[in-house]
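As C-alpha cells, the structure follows; a few thoughts come after it.
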C-alpha cells in the first residue's frame, strides 16, 4: 500500500491549532486543488469530543464557505479526521495559510453566535447519519479554544519524517 501524505509527517512535532498545506494537485483542466490540514488539537495529547466535532462539522462547513469562498477559492469539502484532532479541507484554489487562518477564526466566532441546537444545519434524521449525536456546547468549547489561541502554520518540510525513521517503521 502506498504511503499517504498525511502519514509522512511527524505527528509528535505538530503544533495546534495550526494550518498546514497537506497536498496540492492539478486537475486535467489545470485547476489547482489544495488540501489543508486544519489541526485543532495536538496529536496524541488532545482530542475533540465526538458530539462536539460532529456538531462542528455541520456548522464549520457553511461558515468556512462564508469566509473563504471567492477570489479564486471554492471549498469542495471539509471533513473531520478520524483521529478527532482536526479537519481536512479540500478546495479549488491556492489561498495562503494566513487567509485560511483568518477564515477559520471568523468561522469559530460564528459558531459562538449559534444560540440553540435547533439552529444547527441538517440536524434531522433525513440529512444526518447520527442526528442525535450532537452537542452545541461542546462545539462552542472547541471554537472558544481556537479563538483563545494563535493559529500557527505547520510546515511539511519541518515535519517530514526522515527516510531512516520511515524505514525503521517498515514503511
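Note that Cβ sites are derived from N, Cα and C of the backbone, with glycine treated the same way.
Residues or ranges marked as Fe cation binding site by Swiss-Prot on the basis of sequence analysis: 54, 58, 128. Around residue 54 (Fe cation binding site), the same-chain residues at least 6 positions away in sequence with a Cβ under 8 Å from its Cβ are 80, 130, 133, 134. Mapped onto three states, the DSSP output places residue 54 (Fe cation binding site) in helix.
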**Item:** Set of same-chain residues at least 6 away whose C-beta sits under 8 angstroms from residue 58 (Fe cation binding site)
**Value:** 120, 121, 122, 123, 128, 134
**Request:** Would you list, in sequence order, the residues of this chain other than 54, 58, 128 that have their CB within 8 A of the centroid of the site's CB atoms, where the site is the one recorded for Fe cation?
**Result:** 55, 57, 120, 122, 123, 130, 131, 133, 134
